[in-house]
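Note sheet for the following structure.
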């Protein structure tokens, strides 16, 4: 049986895959599992937030109904970024948090993820326990034992204050464009940047429930690049639908991705003696150029499988303060318990302002090797690891590249695709090898074969 939880909670087409009924059952099962890891004898409490997708309204109602019927007090936070829900799980002393979002996915999709006490993502083992209890857990609270439901009207203010107070220096004098992806960051990211002193131009800041991530945000930087150039801004910051990731655009229109952002922040923390154990945690998808730059700076690199949850697990295990993914999920563990796009963007801008150097120049701390990523759809991703032909082709490509590049082929944890990533000394060489491997994957794993 396929595992219900992916690398970032449960996702699917809202109303078909992620139904009100399934969401209700997940909430009831979570209410049975998560308070067991809370404080004995204390009435369970949960916070619930969502991004602005229209389907979030009925899914929120299902979550609240499930939790309250299981005897959990519920604090509705409204529309907030995922990291804000994680922060408020701890800030409001909740036993757990619930976020409804499908992150960078299109508007018809939605998802549900849980945070444990303190705002940390759940381990695979805890998610498996919730999944095992689906349909078995009983919402048996009656009378005075049913959960009460309240709204926290200060949630946005609490989060913005937290962001601004985390900065090592202000952003006065910087002109910044922020793309809110018509998502949860709308109205929050611009205000946080303004309070930190920046001159802000906001785009993608008019969510209507159906336009989230549509032609905007961290997975589509064209609008941000155009706005940065049009307004003569010092930098642009882009978030995804739930604002747990960040990508940047420099004044010259060049893209500064998650690897480059991590390189800048790692050196900032290193110089301030705040990079715990002089270590940066990344995933196997990070560019080889980042690894070489950190080695030259004397910073140790710890590598994990793809998924910010695995980055976080390694960070907590080793007491490290910085880690993340090339996609822009970056964790500043001294200030947050999970990837926070707003926090990341503001700390990047603080580094730009403190050094008085253009972002494009600052990003040159690492030399990014040409990288090609091909997403192969219409294939059975579950057979990747068992295909001898694919393994042989990958080995041949690795031998061809030697020390001047690398190959990574893996199934997506959140989508029905296989990702083929190749790095090489030239874009053409990387593209040719990636295309060749993608053709093998299609031929070998095609669902229609």
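If you go along the chain as it appears here, the first residue is 1 and each next one adds 1.
Cβ coordinates are placed from backbone N, Cα and C, and glycine is handled just like the others.
Annotated features in Swiss-Prot:
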type	residues	note
ACT_SITE	103	active site, phosphoserine intermediate
BINDING	103, 240, 242, 244	Mg(2+) binding site
MOD_RES	103	phosphoserine
Using Cα coordinates, what distance in whole Å links residue 244 (Mg(2+) binding site) and residue 103 (active site, phosphoserine intermediate)?
8
What's the CA to CA span in angstrom from residue 240 (Mg(2+) binding site) over to residue 103 (active site, phosphoserine intermediate)?
6
Which chain-mates of residue 103 (active site, phosphoserine intermediate) that are at least 6 residues away have a CB under 8 A from its CB, listed by sequence?
8, 82, 111, 240, 241, 242, 244, 245
Assigned conformation of residue 244 (Mg(2+) binding site) - DSSP reduced to three states:
coil
With an 8 Å cut-off on Cβ distance to the 103, 240, 242, 244 Cβ center, who else from the chain surrounds the Mg(2+) site?
51, 81, 82, 101, 104, 183, 184, 239, 241, 243, 245, 341
